[in-house]
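Below is one structure, written out as structure tokens; comments come after it.
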Amino acid sequence: MEESNNYGHQHPLLLILNQDQMIHNQSGATHCSRCGEEVSAPCFCCVEHCGFYLHKVCADAPLELNHPFHPHHPLVLLQKPPSFRTWCFCHFCYKTYTKFIYHCSCELNFHIKCALFTFNIAENNLKELDHVALQDEELEDDSKCFGCWEPLAKYTHFSPDCGFNLHDKCAELPFKLNLECHREHPLVLQFYSKPLSCKICCGIGWKRGFVYGCSPCNFVVHIKCASQSPLQVIKSTNHEHPFTLFNGHQHPLFLMLNQEQLMDNQRGVTDCWRCGEKVSAPCFCCAEHCGFYLHKVCAKAPLELNHPFHLNHPLLMENAPYSSGMYICNFCNKSGHKSVYRCSSCELDFHIKCALFTFNIAENNLKELQHVALQHPLIPTEKGDEKLKDVSKCFGCREPLANYTHFSPCRGFNLHEKCTEIPFKLNHVCHRKHPLVLQFNSERLSCKICCQVTRRRGFVYGCSPCKFVVHIECASQSPLQVIKSTNHEHPFTLSLRQVPSTCDGCGTEGNHVAYTCGTCNITIHKNCISLPRIIKSKWHDHRLLHTYFHHIEDFRVLNCLRCHDEVNTEHGSYYCSKCNGIFHVKCVMKDKDSYEIVENEDEIEMPIESSIIVIESNDAGEATKINHFKHMHNLMLGPFVGGYENSCDGCMLPISDPFYYCSECAFFLHKACAELPKMKNVWYHDCKEPLALISDKAFQCEQCWHISNAFAYECCRCEEKICLRCVIALTPGARSYLKHEHPLFYYTKHNGKCNACGRTTQAAFCCKDCNFVLHLRCFSLPITARHKCDEHLLSLTDHDDNSYSEHHHCDICEESRDPNRWFYNCATCDTSADRNCVLGEYPFLKLRSIQEGNDHPHPLTFVKKKYYYPDCDKCGKPCEGVALECSKSECKYIVHWKCVGDTYLEGC
């Protein structure tokens, strides 16, 4: 026992925790001072033995209770009934009370224990009923359930000895409910606070127990009515046939039993109100001929379906749960726009007919297929062409429908005969712990035999506790399988043990059934047996060879050229013997359109066509004199006096070693740009055809969106163009960057901030050793640039050592700049300028080059005026930026590139 505060009593109180202590301190029958009921432990008693007792739960009852079943107003604890009477009725148990009550101005009153008990029902926290016995026997009196006010003996109920008359099902009512008769909003479980009539039975009940209601619409239905079938048949005293009432329609309905009746009452093609499909008999039609039709099977469809193929959650009928109004059925894979059976937890959607049809498969009750004709599998003809052009798949196993005897698809279901007879449970040698149960593939788990992940449709055999599934087709195969491989000299045999292992074909770990080659000690997934031996990938210039293991003599670490993670060479990978490039199997084969299988291994690989012809070489074998097919003169390997102040004519970035130059004209090429091939595949372009190297044509790069007229790769199919800066930067592998000490790797998915511009990245160059990140556009920024604001070259700078705020401005536009963002700087003159001001709008347009294809009679040249700005012949404004000027000195024609650029780009 422990002493406590007095809860409004003049003497101290003791907490009594068990009944033995209670008997020791009690003198006769005593009652709780708050609720008025006979007191029981745990409770408080007065240390002065003045007869004051208080249940602990009553003592802890809050003065204001925000009750989920009455959300509009709080329930306030009062010391006595709020009326001139000395007693009132509780609106839950309907018994009288004279002591403390919970009250709301809606004229709702509750015993303390009733208010707290119903609060626990709402919170699904009924621990006080854990040890109360359930009863099915009839009761001597006509007691009613406090929840639904139906007779207590009608359903399984808790023993009334606990103090509450309650059905087992009323303690587990869902808090929210979707009903056809009120589709605007969900109905919420609540107290019957307003004497509204039930919208289904039209009866008005006393203000007691629960109802399902929608407060904004003043809409309520009784608990019993909400759980009834939406169809009710009522016999009429003045009509020969019964009427049917459907709680989603305002008029009575007639039942049409055959197609003739339907045709007599039908006006044109009509659809079922619930499933949206063309209506057919038997069905209901509106007696008022308002155009309402309803399949009989749709009318009787329950609002909640406990499906044997989806045991974890019930399927609830909803009305178009998506904003688009459309959904895709996870059984037949067809769209729907009307009512749907849905499991929101697993994101499963089913047509009404598909949900009920598969339910009947589970119940082995397919009467609707008894008269459907069977069609036998079609065999290929001698010429090799198949008679069946349709590539329909069975809705059950997702195998081609024509592979096995199947039902005629005219009934709307593509189904093999064998898929309607497969057992509900299966004991499989690959999973001996539990039986496998036929179910929907709701979690999209990979099959433990073939390792393939399927879409969430059709059936699988699964064990939910173990997250184990196998395809229908895989489960029916013989456990003793020997498969010949096109990629390995020995056959593979199925190993029936499911053990964690690493596949020697693809290098991924897993807990799948595996196939083994005993001769070579190779363990492999089933789908990896058919891995192609040689492929040609967009991610690499040469052919790639599949190997089960790869010897590295110099102990180097090899990283995948796509994901940049280390490749474990003890297991399978794709490898290039020419340049030591390596890929994870999963990476290089991730996109089916990014590779081609080389069927003929003996076929000689076509060499990559070079853009240059080597004329002279030095002793080290380095080309010192070349001819490039995009330039008329021979090119010499640098250095060249004054060459470093120029830009590369291929990528338009500043010249740096090594580079080639032309001794007859001002033409420069980085060695890397000069050695690019005439044709090239790139991984980020969708077309299968390689891209061709072009030059001297204005274009907009599809990757960085810069406009340029330097070298580019163009797709001959879609005519998209990609600049050399992006082609070189996005070549798989590590990239070096002059402003960073570590190599950078390009990741197609990266959420972060660019170190140069501070903007959020979705794809970026990242450093594995530190948090350095660059956008593609920032990666290609020129390291040096010229501007008329300074006589020296400006250098790209990544930090500002000057801490004075007055220094943090651009010397060109004189606006403030962020010192943490990269800028151009002259250390000699202390000039600092924003990079956009230095580079301008078109930093990669080659000045003094000729632009072909225009409406002007003479060739036009790209220029950028520095001190004299003639007026544009198009808009009349001064040509301050990049412009096109007539190459004839006597012709004064000049236009802004902005004014005519779109015309040239569209014509490219």
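Keep in mind that glycine also has a Cβ here, set from the backbone N, Cα and C atoms.
Automatic, uncurated: that is what TrEMBL annotation is.
According to TrEMBL, the domain 'Phorbol-ester/DAG-type' annotation covers 184-233 (among others). The average pLDDT computed for the domain 'Phorbol-ester/DAG-type' (184-233) is 76.
What TrEMBL lists as domain 'Phorbol-ester/DAG-type' is 489-528 (among others). Listed by sequence, the residues of this chain that lie at least six past the ends of the domain 'Phorbol-ester/DAG-type' (489-528) yet keep a Cβ under 8 A from its Cβ atoms are 429-431, 446, 448-452, 479-483, 548-549, 567-568, 571-573, 584-586.
Taken from TrEMBL, the feature domain 'Phorbol-ester/DAG-type' covers 739-789 (among others). For the domain 'Phorbol-ester/DAG-type' (739-789), the DSSP counts in helix, strand and coil order read 4 helix, 22 strand, 25 coil.
With DSSP classes pooled into helix, strand and coil, the tally for the domain 'Phorbol-ester/DAG-type' (489-528) is 0 helix, 19 strand, 21 coil.
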